[in-house]
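Taken from TrEMBL as is:
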TRANSMEM  6-25  transmembrane segment
DOMAIN    11-93  domain 'Prepilin peptidase A24 N-terminal'
TRANSMEM  100-116  transmembrane segment
DOMAIN    105-210  domain 'Prepilin type IV endopeptidase peptidase'
TRANSMEM  123-145  transmembrane segment
TRANSMEM  151-169  transmembrane segment
TRANSMEM  181-214  transmembrane segment
TRANSMEM  226-248  transmembrane segment
Ligand SMILES: [Zn+2]
């Protein structure tokens, strides 16, 4: 591990995180993610480049718009930091190479899908389809590198298959968007890790569901989006999957 690469990867993560913020905000509002340039959602003034530096600008602006003083949500620098942090962790775990590229792509897509699901309880096809296409690009690269891809194809089938059966049985309790997310997980992570993601997401979902009901924040009838649990389970699997499987088996 080199400190130089670690810093570069972290900064890259925060810059991508800044773009993910745009996606998370605009996609549910049916806005283009390319146009118009970043602007304050309160006063509509365009934001200058020096106020768009991830994390740092937020601190210098003390969390307020330079023009109108409207409060900027702490969510934005947090997403930037979390993305940078996860990129750094992926670099530390997997080093420089195809896995680094693959997993930072995967994690970026999962952050967008998970955050939108958390905020709107909707999963957008235009986000999951990007995940499927990106996964297929990596599978083509694998073929060129002479690496086996069967495990990833079966991973996709397992993830989508299990969730599709649940969606059919529960008639809407589990949405088709969740099927799409698990397809993406499977294609990126392979069959072994996908089985673990499914297992962990149900455990995490049950624990958080019970906590929400006990704390009175949700009743048994309330809808709790499942996507964020799949995302959390994927992150855990990415970093601790092998250790968990070793321990379990
Ligand atoms: Zn403003």
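Each residue, glycine too, has its Cβ placed from N, Cα and C.
Bear in mind that the values here come from a model prediction, so they are computed numbers and not experimental data.
With a threshold of 8 Å between CB atoms, the same-chain residues lying at least 6 positions outside the transmembrane segment (6-25) that come near it are 33, 38, 41, 52, 54-55, 75-76, 79-88, 90-92, 100, 104, 108, 111-112, 115-116, 119, 127.
Note: the domain 'Prepilin peptidase A24 N-terminal' (11-93) comprises 46 helix, 4 strand, 33 coil (DSSP; helix = H, G, I, strand = E, B). Taken residue by residue, the domain 'Prepilin type IV endopeptidase peptidase' (105-210) breaks down under DSSP into 92 helix, 0 strand, 14 coil.
Residues belonging to the domain 'Prepilin type IV endopeptidase peptidase' (105-210) score a mean pLDDT of 95 in the model.
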